[in-house]
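Colleague: Pasting a structure below so you can have a look.
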Amino acid sequence: MYPAEIELGDIPYELYMVRIAVFTFGFLLNLLMFIILIRFRKPTDNIIITGIVPTAIDALICMVNVASFAESRVKQMSGTQAYIICHLISSYSILWALIAARVFINMLVTLFFLIQFLYPFMRIEQRRKPIRTVIIVGIPLSMATGIIPHLVTNRYAASANQCTTYSGAYFYAPMRLVTVFRLGVLVSFLYNFLLPVIGSIYLYHHVLRMLRLRDKNRDAYKEVHLCNIMDNWFMLLFTGMAELEKLMVRYPNTRHIQYSPLRSAILMLILSFYSVVYPCLSIVFRRRYQRPILDCLIYMGMNPTDSWLAKRLNRSEVSESRKQYTKTSEYSHRKPNGLSSHKNQQ
């Protein structure tokens, strides 16, 4: 028989050091990219596809992971500080809220591409006010569904300075509230993880198919394809195990699955590591991140003409301009032929 309560604090000190080292680097990188993307973005670019909002959320995720070192000092604290750390940081409430917002933004980017290519007459890239409204309303809603299921999972005992969590079917709430709580966990799992990720993968399949059928340029297809891989498949890879573990330990312990602080900490470390990997891969492979960096280097007075980044961007732009020139030249040659044949018939 497992105990009803499990004391949090069995996480090795070395794991905290790894989290601080990794996510300090991730926070600084995301903060730098956030400043560059805001300063050097084009006025015509929509805020959805510039990467500003995902970068800001990734920076917050890294910052919360750095601040998680405070949970190892709960026994040395007292009062409000220990209570907040126990309920918001040790329960990973803030992290789950930020991950929910991150998944929501990924889903919104998918819908943006779908509407842009399926209904080009709507000119969605120019409709900034509705998109900002959706972001302002959607992010708090997603964060609420991500944070609420974790608010009653932990308890802080002020007399012993202990932060404990339940095991299996035990909750720190009345039975009627427990039923609502479990329903909230299920809704959070479906609304913040399963439906957005699988739905985005399905919609990206149609977006990429439309790009192939309409003979769009190679760079546009590659950019959307990378967005699909990094925003959905990588998100599924990094968050899948943590989401399943969260769902299993929040329900009655029918399969004797006990909550383990160390296992949960490792899975949350893997989940949050997505926010460090994402900007690194974006800088290496994605043109939407490379161009603002190149503009920043030029603004700082550097001569990046011989750099790898400049060569990569110039090569893609030259190939794109050649394709556009070929299409316009073919169209200009076809049009006079049609007019001359019409005159000959007359």
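A Cβ is built for glycine as well, from the same backbone N, Cα and C atoms used for every other residue.
Just so you know, TrEMBL annotations are computer predictions that nobody has curated.
What TrEMBL shows for this protein is this:
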type     : residues : note
TRANSMEM : 20-40    : transmembrane segment
TRANSMEM : 46-70    : transmembrane segment
TRANSMEM : 105-122  : transmembrane segment
TRANSMEM : 134-152  : transmembrane segment
TRANSMEM : 180-204  : transmembrane segment
TRANSMEM : 224-242  : transmembrane segment
TRANSMEM : 262-285  : transmembrane segment
REGION   : 319-346  : region 'Disordered'
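Distances, neighbours, how buried they are, the whole picture for these features please.
Modeller: Long-range contacts of the transmembrane segment (46-70) within the same chain, counting only residues at least 6 positions beyond its ends with a Cβ under 8 Å from a Cβ of the stretch, are 16, 19-20, 22-24, 26-27, 30-31, 33-34, 37-38, 85, 89, 94-95, 98-99, 101-102, 105-106, 108-109, 112, 124-126, 128, 131-132, 135, 269, 272, 275-276, 278-279, 282, 288-289.
Through the fold, the transmembrane segment (105-122) approaches residues 46, 48-49, 53-54, 57, 131, 134-135, 138-139, 196-197, 199-200, 203-204, 206-207, 210-211, 214, 224, 227, 231-232, 235 of its own chain, all at least 6 residues removed from its boundaries and within a Cβ separation under 8 Å.
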